[in-house]
């Protein structure tokens, strides 16, 4: 009897969906190696492997049988995805074209040899970033450069603006996934994209106000308020929007700092000075890669520092997500300062998700952790922190909590079906 490799859902799934992976038709107690391969849009290969032993019936269910070693060990049904590593140094997995899936090749190899034995079974699974029925709408409205993702159905839907960080450009993959959970989600560029400024010297809040107005005017977006979701500098942009603009009722800050870091923040007559940094405080980590965690100037005065974003002005609740091992900056410390500021101004203590062993790039579930990559400011590779397994668990939990937070405060009751057609 030939071995068969099955993946559920069959054929395709959304990237944030868990998979059930099983092998049948093996010999009792047969040692095998499972291997996964993904090629990104720039040609880089991401790989993982794990050694297993079939049960007495010649079957292997990754939800019931622990890995004996390899890229991971223990009971990790999704380890073949989150434990992937790139074949290029300092390379981060990013999906550029959300209209096409990533193809994940899964193989079963005989034995536990490091280079792999005879191939016993193989399958290819599509991992999509838009659930069936989600619509992608490019937005070039006034100055706004963005992409709107609309859930299936008539709507109107609760709205979210999604902002990424210091890399600039327009990243759509998180917004596409969020839309699959019932939210009209705008992936918003704010520099280094098309005719937007190439460099971000001043954060002009007027631009983001225009994006909020666009969302609230859209017939498929349910007002009167929207939510905001941001990572890193994008998280700080979201905190700025929540502090200065009306019609924001829920904000999620993923490893934000709540400070004006290297740029002035300008809104009408208000100007917030940057905290600034000193590159002489860079260190070299044990790995030989630069560590920039301490280059920012000290937040003298704590929550009353003049470079802090006035988050006490935010109308709605803020969910802070922090990696305790973030090496971009000290997210856990900044989150505590932000909490102190809110409470000092008579606000309730905010909800904080603080994850041990978790680095800077907290992505949707099952994205491989990026331990180090090129940083736009220092123009060299820097470490981002995190331990692979802990970081992966944090991504899964944070995603569930973020979706629940938006559902609670924006009024969505949507529950997404599988990505299968």
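Cβ coordinates come from backbone N, Cα and C, glycine included.
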Of the residues 95, 198, 313, the one that Swiss-Prot lists under N6-succinyllysine: 313
DSSP state at residue 313 (N6-succinyllysine), helix/strand/coil: helix
Separation of alpha carbons, residue 232 (active site, charge relay system) and residue 313 (N6-succinyllysine) (Å): 20
Which of 232, 313, 326, 360, all recorded positions, has a Cβ with the fewest other Cβ atoms inside 10 Å: 313
Cα distance (Å, whole number) from residue 232 (active site, charge relay system) to residue 360 (active site, charge relay system): 8
